[in-house]
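What TrEMBL says about this protein:
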type     : residues  : note
DOMAIN   : 444-608   : domain 'SSD'
TRANSMEM : 445-464   : transmembrane segment
TRANSMEM : 476-497   : transmembrane segment
TRANSMEM : 556-580   : transmembrane segment
TRANSMEM : 586-608   : transmembrane segment
TRANSMEM : 667-686   : transmembrane segment
TRANSMEM : 903-922   : transmembrane segment
DOMAIN   : 927-1051  : domain 'SSD'
TRANSMEM : 929-949   : transmembrane segment
TRANSMEM : 955-976   : transmembrane segment
TRANSMEM : 997-1017  : transmembrane segment
TRANSMEM : 1029-1052 : transmembrane segment
Amino acid sequence: MASHPWVVAGFSWLRPAGVPVNQRDSPSAMGIGAVERCLENFFEKIGKVVGTHPIKTLIGSVLFTIVCGGGFAFLSTETRPEKQWVPAGSLALDHDAYVKATWPGNARFNFFSATCADVDVGSCDIMDPKYIQRFHEINEKVKAITIDGTKIVADLDKDHKRSEGDNRPWSIYEGNWSFSGTPQSVNGAVEFEGRLCFTFGPFCAKSSVLDVFREDDYILTNLDASSVKLAINNWEKQETMCPLTLAASDSPCFNSNCQSYTTQSERQACRDLATTYCASKCPTTTEIIGGREVTRPLDMATCQDRGCIQLGALGNTGSSTTTTPSGMLNTDPGDAPESAFEFQPTKIKTMVGGLASDATWEYASGKHIAGFWALSKKELYCPKEGVVDPVADEWERQVLCLMGIDADPRAEPKLDCKEDDLLKFSGLFQRSLGDEFGNAIRGDISKLTASYGVIIVYCAIMLGKCDAVHSGAAMAFVAVAIVGLTIVSTLGLMGYFQVPNGNLNNNLYFLLLGLGVDDAFVLTSEYLTHSREAKTKGGSLDVPELIAKTARTGGISVLITSATDALAFLVGATTVLPALSWFCTYAGVSICLCYTFQLTVFLPCLALNARRTAASRVDCCCCFKVAERSLDDPQGCCCCCLPQKVFKGGVIKKGLRKFTEQTTKPIGQVVTFILFAIITGVGIFGTTKIYKDFKLEWFIPDSSYVNTFFTINSENFATGTPITVNFPESNAFSMQSNLHEVYDYLNSTHLVNKDVAVDSWYEEFMEWATEPTQAATADDTFTPSRTATDAVFGVETEFYTALHLWYRTNVGSRFRNSLSWKDEDCNVNATVDALPTGCTVTDGLKASRFNAELALEVTNRGTDRYDTMTSMRSKVSELYAGAFPYSFDFLYWEEVGIIDEELIKNLAICGAVILVVIFALVPNPRIAIWVVLCVVLSIVNTLGYMYFWDVTISGVSTIYVLICVGLAVDYAAHIAHMFKESTGTARERAINAVDRIGVCTFNAVLSTLLAVVVVGLSESYVFRIFFKVLFLVVVIAGAHGLWLLPAILSLVGGSKQSLESYSAGEAPAADKASRIAAEDA
């Protein structure tokens, strides 16, 4: 049958001018590319050398690896996420550096949630007194935890071999540490020794439903259902501070004068009522100790409302004594609640989730309680361990243990972490992500080991025959050993060149395993092909000649894929994402080394294996000999008693040949093109729909307590991301209106959670300063007036003097962590009546900040988070020049803004490199162009089907897509190279190419597929995404290389006659095509 006229006409542009259609690929028309010819000669010489001196070559390779391995001493590992995933030069890095330098005591928040453990969630009423009382018991145990910092310091000294006098930065952890610390009287003021908590002024930062009950032990012990509902439903109704309980109906807190007073007489009426109440509930006495007042109950055992202690401290004086009562210092809150000074009660819905109402109560029942304990950061950075705070880590471990969670089973001392019988906890502590990442990785080690085992077994089966002599077991171990040599050499070289080792580099093992095994299959196939050809011609080649021919044909085929992948990764290392840049650098170098080891390790071992088989020695047990047998006449091994025909194999090869014969027929071509057109159409649609997103919680195993917390939080509490709005050095006096505008913006924008009050030092200060009865500012000037809603100070000196007075006294104490003065002498950590010595308040503020919380609904997706961050940055900067919102999470959000650009950029780079290398090493446009097309379609379809499999664009998936480019090139380039080498009609060449290299490609596809299926069972997000993306690319790119490409080349690849037949004047290839078509018919 003649060639289709439309084929010849439609693709005539691919034919060199003046060359007949049936001869257009003849040697005289096309020739062999000079580059390719030079490379083939080069590889042949290498093969000759390593085949002649295999032992010396292997020794040289091992020595090279040892020398490279010396770089391990200089290798640094970077584990800090902000150093890996934040784009270089991004604003988030500058803001983070500023905040850490300006506010070094940043908080370390530890969030928790709890629900009923004795009944299912549907039947749970967390407002039942027994659950609140149990949580109170656990909370008391939390506050009682004491960490021995002296032992931690001694252990660190031992680990780092340091002693007194040496540089020991961890000496800051000396002493005993607890959440609230131990109060000490220092120069008439109170300082807390060993205090772990982050503070708002003098008060520890914490939040829970216990705040509603003032953490009063007597009140909590005597709770009943009605008192719980009474307190919770009246908590948010407070407009002014009432330190007394809300859980008793006779509490003065329910009096209208105490709930909200606007005049001095109303305030006094509330105080008189409270004084009468406390006289019967908890009478107190106030004594003068060391010149300062201390209030204590007359009898703590009978005190029915410990808020009376605080009330007494605020307004009473008593007799003088010289002895300090145990545990009572003048500003030690004792059993009085630290939240008592808060005038803006925390919203109930942030502390109790799953709320339901009834006819009587707005909040009648609930399903979950939530809250946090905040620690002050005291972190150190160690090159090996990363950022550490061993005291806080141990405190958090013990708290988690009280919650029934063993955060680190390997840590010492061992803890007995029994789950509570009434409460089931989940949480997100500062250490939780690191713990769970580590647990996920350790849990997947067995799966990784299994994957390598699968590869080894599969290679052993496919690299040889089921025969004691011709088995491929030893060569399978060599193929995997090359991956090990490559990794050691790469890590060592990167140590010499000071390229950090990031977490993503763990993926190199699979990349190298896939590429290395593929190369091993190709080289083994070429070796067997040349061995059979020599025997077919009636002779045999000695081992060096056989290895030389293998290197000549196999080396160039492997070079095409290796050079393409390596160059693509090395150029891609220019990305602005550090982790991605490091990975691309490691990948590019490792691919080059892997290719080198194929020539200097695999080929020498192949030569030694050839000598062993020639001597009929048993594989892996070469001391034993058996009867001589042919490669094509396997006898079985390992005591197999199956029929002999089972051992001969060749099923895959025969199957691939028959399949290709069908798909290269006209009807097969039509079906193939229609099917792949549909697949591509769906893939393009998915590509247009895929979106950017990334959340840290995705890295947490599904069964983790952290994942449970995230789920409960999103469904019941809708807690957003806490932020601070930072005001760098500027004249706050002249920017008063701007501060007010920022506050108004934060309260009006939909980006901020309305259930959490915006914490503004300026608004609180101005409310205090403009009170009609405020004596401290009675003579100060306000513009336009004291009573105006937009009142501001008119005189700078008056502004800063009043601000510091407010700041250093109780009323402004909780904002001490929000103000930093230029004059360091002005910064205070405790209540001070007089201006500190040396303080010049008129120098003004060095920095200040507001606190707020982003709404959960604007931070759901990665694009939402990025847009929220950039939008708020722009608006805040517009309202107050130089001001900016900040959250540590912004460091991760920056990635979302550029990850799609980085993916497109890297794919474009890969595409350009592929184009150049393929056209250089396959110097035939009508072949090379279709290889590039298949690779492009493979990647586009992979991206598209990622969308349908719930994979988003993130730093992790970007890495895997780049790995997929390398695999896609492998699957297509080998077929194209062998098609170029084959002779005959276009269809014959396509069939011969698949017949010669198809099995290798199929084995590479199947071995990779088997390996990733094992890790697909992982609970780790990283490995699940790895499984999904690699599964897609293996199936899609494998189909494009083994199915679509041969079909295309059989149609437009052109014919090519061998040199011998062309010289002998043999019939044109077109006539052969007619004969084959007739036979098919």
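Glycine is no exception: its Cβ is also placed from the backbone N, Cα and C atoms.
Predicted automatically and left uncurated, TrEMBL annotations should be read as such.
Given the structure is predicted, the values throughout are model-derived calculations rather than measurements.
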The transmembrane segment (929-949) and the transmembrane segment (476-497): do they have three or more Cβ pairs under 8 Å, with pairs 6 or more apart in sequence?
no
Which of 586-608, 903-922, 955-976, 1029-1052 has the most Cβ pairs closer than 8 Å to the transmembrane segment (997-1017)?
1029-1052
Ranked first among 586-608, 667-686, 903-922, 1029-1052 for CB pairs under 8 angstroms with the transmembrane segment (955-976):
1029-1052
Apart from its near flanks, which chain residues at least 6 from the ends of the transmembrane segment (1029-1052) lie with a Cβ under 8 angstroms of it?
7, 11, 14, 510, 656, 659-660, 663-664, 668-669, 672-673, 676, 679, 683, 926-927, 930-931, 933-935, 937-939, 941-942, 945-946, 949, 951, 957, 960-961, 963-964, 967-968, 970-972, 974-976, 979, 986-987, 989-991, 993-994, 998, 1001-1002, 1005, 1008-1009, 1012-1013, 1016
So how many of the residues in the domain 'SSD' (927-1051) end up helix, strand or coil by DSSP?
110 helix, 2 strand, 13 coil
Which whole-number mean pLDDT does the model give the domain 'SSD' (927-1051)?
85
